Amino acid sequence: MKKKLSGVYLITDTQIQNQYSHVELADFAFKAGVQLVQYRNKQVSDRRAREEIQTIAALDSKEDSLLIVNDRVDLAMAGGADGVHLGQGDLPIPVARELLGDEMVIGGTSSNLGEARAVEEAGADYVALGHIYETSTKHKEYAPRGLSTLRQVEQELLVPLVAIGGITHSRAADVIAAGADLLAVSSAICAAPEPEQAARELVQLFE
Amino acid sequence: MYSIMSEPNFRYYLITNRKACAPRSLPQVVEEACRAGIGAVQLREKDLPDHDLYQLATEVREITARYNTHLFINGRPDIASAVGANGMHCRESGLSPSDIRKHWPDLSIGASVHSKEAAKRAEKEGADFLLFGPVFFTPSKARYGEPQGLEKLQAVVDAVQLPIFGVGGVRPDRVEPCLQSGAYGVAGISSIMAADSVRQKVDQWKSILNKL
């Protein structure tokens, strides 16, 4: 049975920093109590990505945390991850559900209430909404959504809501107060001087 | 569909490139090729976003199924499985044939290899047939260096038990040397994709190979 998703959601990134690998970042995060780690690596071959996913899935530190693969249902299955995160241009969620079954986690991206509703109706286990604030991790073609959109979406959805985009330690409490079940971060952990400590501080906001 | 131990029932493996079809659409050219009797199509459109690739694969599956043509999807077992394709075509740096066997056991497996070592590995990992090339010069692969040539094709044929398709610059007049080197069949993109008359080109391949 899937447990209720709540807490910190790390998206691994080795482009904003190159001191730590995806595996190291995931290990830091699991040790700090991060609930969900999304493996996001568009720089390597599929064969290599599958190996890294399998390595992360087998980390002792993982315990009850979940490993989600960005975009790719096949890599998630072959690498033994717990689920997949799908953007608007990826495989349709119902198609992914058919391939993955009910036990695997599927998350979807949205940038407004209409998309968020559609993602939930398509059968996602969580809906990510963003970007909440300006972010430099990913190029965006639209303005930040802000906390008002987050509050609005939170009132309409039944599945857990992930806030993403520009979330820092100083903004985290406001985002939780606005109704986010999970905080998705990349720079706030990956680019921190001490990623494990940075993750722990975010995790503590949920305790 | 054939099992792991049986041979492919096609001798020409058509690889797609929607850019080479223009201004005709890819589904239109695939349908002409199927109607002319082509036996196997590999959908290889690596630059498409997943959502678009899935939609195109669905459309091409519908066409190929109507003509009993085998459909393989390059690099994506999830999409192959989702659209009900016959198989999946593995890249050397992609998910391995053993991954495919384990998670998508219904899919037949073709694998591209560029060396004898890679061919042995793919065989060990459970591929059903191999694509080896480029055998001859082809502009699309020129950046990878000199073509491999017939001797290396022969060496790969000798190194593994699997059927080998020669690919890369294989024109109709170069089929005979490939078969003499032990190739089971040949594969190509532009010959059919860019043909003025798809039917005539398919007929030509059929007469040279005796079978498609």
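Using the three backbone atoms N, Cα and C, a Cβ is placed for every residue, glycine included.
Under the heading domain 'Thiamine phosphate synthase/TenI', TrEMBL lists A:8-189.
In sequence order, A:HIS85, A:LEU86, A:GLY87, A:GLN88, A:GLU115, A:VAL119, A:ALA128, A:GLY130 are the residues near A:THR109 (4-amino-2-methyl-5-(diphosphooxymethyl)pyrimidine binding site), counting only same-chain partners six or more apart with C-beta under 8 A. What TrEMBL records for A:GLN38, A:TYR39, A:ARG40, A:ASN41, A:LYS42, A:ASN70, A:THR109, A:LYS138 is 4-amino-2-methyl-5-(diphosphooxymethyl)pyrimidine binding site.
DSSP assigns A:ASP71 (Mg(2+) binding site) to coil in the three-state reduction, placing it in neither a helix nor a strand. There are 20 other Cβ atoms within 10 Å of the Cβ belonging to A:ASP71 (Mg(2+) binding site). Summarising the annotation, TrEMBL assigns Mg(2+) binding site to A:ASP71, A:ASP90.
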Pairwise Cα distance for A:ASP71 (Mg(2+) binding site)/A:ASN41 (4-amino-2-methyl-5-(diphosphooxymethyl)pyrimidine binding site) [Å, integer]: 10
Largest tally of Cβ atoms lying within 10 Å of a Cβ, found at which of the binding-site residues A:GLN38, A:ASN41: A:GLN38
Densest Cβ neighbourhood among A:TYR39, A:ASP90 (binding-site residues), 10 Å radius: A:TYR39
Nearest-integer angstrom distance between the alpha carbons (Cα) of A:GLN38 (4-amino-2-methyl-5-(diphosphooxymethyl)pyrimidine binding site) and A:ASP90 (Mg(2+) binding site): 16
Cα-Cα distance, maximum over A:GLN38, A:TYR39, A:ARG40, A:ASN41, A:LYS42, A:ASN70, A:THR109, A:LYS138, record's 4-amino-2-methyl-5-(diphosphooxymethyl)pyrimidine binders, Å: 17
Inter-residue Cα distance where the pair is A:ASN41 (4-amino-2-methyl-5-(diphosphooxymethyl)pyrimidine binding site) and A:ASP90 (Mg(2+) binding site), in Å: 15
Near-B candidates in A:GLN38, A:TYR39, A:ASP90, the binding-site residues, by Cβ under 8 Å: A:ASP90
